[in-house]
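This report concerns only the one structure given below.
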């Protein structure tokens, strides 16, 4: 009897659904932990390492906050939202720092089930919310970016807008004071947590205002909600924002009858003026300027150098095909179609769900803007599927017993989640670095000072700074073409040029931090170098760096290290592209070849490689299509660490080299095909062959996973 009473209590049922959905989400995320724990190479400092490259930026910021300081201009994320939250968790919990950054996403991202279930409950459809929560919490896209070890702001980037959506819907349905104050609170938190959410917040507030003007134009509380929410967009300190919002909320709550529409109109106008004066609309004006005056911007760019566009090399901003798009959002194509149908049906039944459109549309931008955006559509589409299933149950109950209906719903839910479970099982993401790589960088921390620089590719910037506590030229947040040019040049040109550019780029980067805003150092460091060295032709200036008699006039202020990991061989052609581009035209008109491969098959005296090259079994030539190309030399690498290799000359007039790696730390790089230009690059000569000018460099860390060289000039 007591159990029946509990089951009749809607609040207990709602609470039970939230707990079950939350536990389900957390449990699914622990699968990766269980799997990764089998590999010692994924551990560092007695804990699994994280799988998010950008996560090391926030980890560095949190580490510096715990230490209480950081170096000037070190690009540390000191004081950022995720770093701050991590800092406080470290201070108030007994867990290690490594454990906190590993599991934060596991537990915080699973909170998405709460607003989903609460929102559905506002429509008196708890089943809709429960099913939607199960699906949304583990759908492919959301899982990929919030799984255990994915230490990034993504862990709350969907949770917070779903709470905003919930309070908007609740405000529409209940018109209560709690929603009135909670709405600006969560918008403010969202803007603090993820500043890039500004546009989405503007869209949500704008749509809420339009909805108000159409359906609730005579109800004052809705206009106050818009005003309070808009104040969070202002570019002033949070405590001033909070004070203004609380005062206006209190005035409305206590003097509601005296606040007529004229006063509300004045408040609204004052809010708009305040936003303009405080810089709250600057992001919108920037977007308008960028898109409306694009031709002017392009003209400005042509006055300087035209660098390689980094967006061409980032998978997250590549277009995604429609099948993959559907799978990432709903787990499978069929569930996506049902979800879309269900969402349209939900809109017809409950017009307030139109407030979800900005979130849904942002997710659909993935079709043009890249797969990273799909994460936004996940919870909204899941609500559509949950609604469809709840309607399906209502139909079943009319024809069959409650038990039969429940069994059908459970079965349908399991079928829906089956593709997601398969995805979770197969999605075995490796840690960003291996244990050996992390240990090497930790070793570098004991060699280098905090003011020293490590020159390496931007993919490794954040982890290098975290483990070695040094500075870098580039990282996951600073990697425009003009930034990437310098490490690309130092890695892909000859040693002399690499050494000179490493010194110049570091010293000029440091100088740029203290230069006036209109100084050329702020806009283009390469042009600043040329100006100081009285050079007007960029090609002649860059060529002069290869000459031994090139004299560096810039004073040496710190030590510089070159970090060359084995894993960079997989992307080295991309790395080199940034400095082989024609800076006057922006065209990659200096062709080069560097291609890693592994054997797929051996037949008829030929080795078929994964990069499409067919190599003769005597290694004397290779075929690309119908073209047979001679090989200059075969280089057999017996030991990268010891620098043991054997060069077998074949045709000294040929342009291509074949590297056969018998000692490779990268499983999918057994062969490397390269031309003479790449063969003479600093990366190939110094890392693979161990050839370096001892007047320019010292080898301070040596392993087959990575090598670190200290610049001597």
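The backbone N, Cα and C atoms fix where each Cβ goes, glycine too.
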With Swiss-Prot open, pick whichever of 144, 534 is annotated N-linked glycosylation site.
534
State whether, in Swiss-Prot, residue 400 is on the same side of the membrane as residue 145.
no
Which one of these stretches, 71-96, 97-122, 279-304, shows up in Swiss-Prot as transmembrane segment?
97-122
Look up motif 'MI motif' in Swiss-Prot and report which of 568-575, 576-583, 584-591 it refers to.
568-575
Outside the transmembrane segment (325-347), six or more residues from its ends: residues with CB under 8 Å to it
135, 139-141, 144, 353-354, 360, 363, 366-367, 371, 374, 377-378, 380-389, 391, 416-417, 419-420, 423
Report yes or no: does the transmembrane segment (374-396) come within contact of the transmembrane segment (221-233), defined as 3 or more CB pairs under 8 Å with a sequence separation of 6 or more?
no
What kind of secondary structure is residue 54 (Mn(2+) binding site) part of, going by DSSP in three states?
coil
Look at each of the recorded positions, 54, 152, 571, and point out the one with the fewest other Cβ atoms around it within 10 Å.
571
Looking at 12-35, 126-144, 153-174, 238-254, 407-427, which one has the highest count of Cβ pairs under 8 angstroms to the transmembrane segment (353-369)?
153-174
Quick check for the class: what is the C-alpha distance, in angstrom and rounded, between residue 54 (Mn(2+) binding site) and residue 571 (site 'Interacts with target acceptor peptide in protein substrate')?
18
Top Cβ-contact partner of the transmembrane segment (238-254) among 12-35, 97-122, 126-144, 153-174, 177-192 (pairs under 8 Å):
177-192
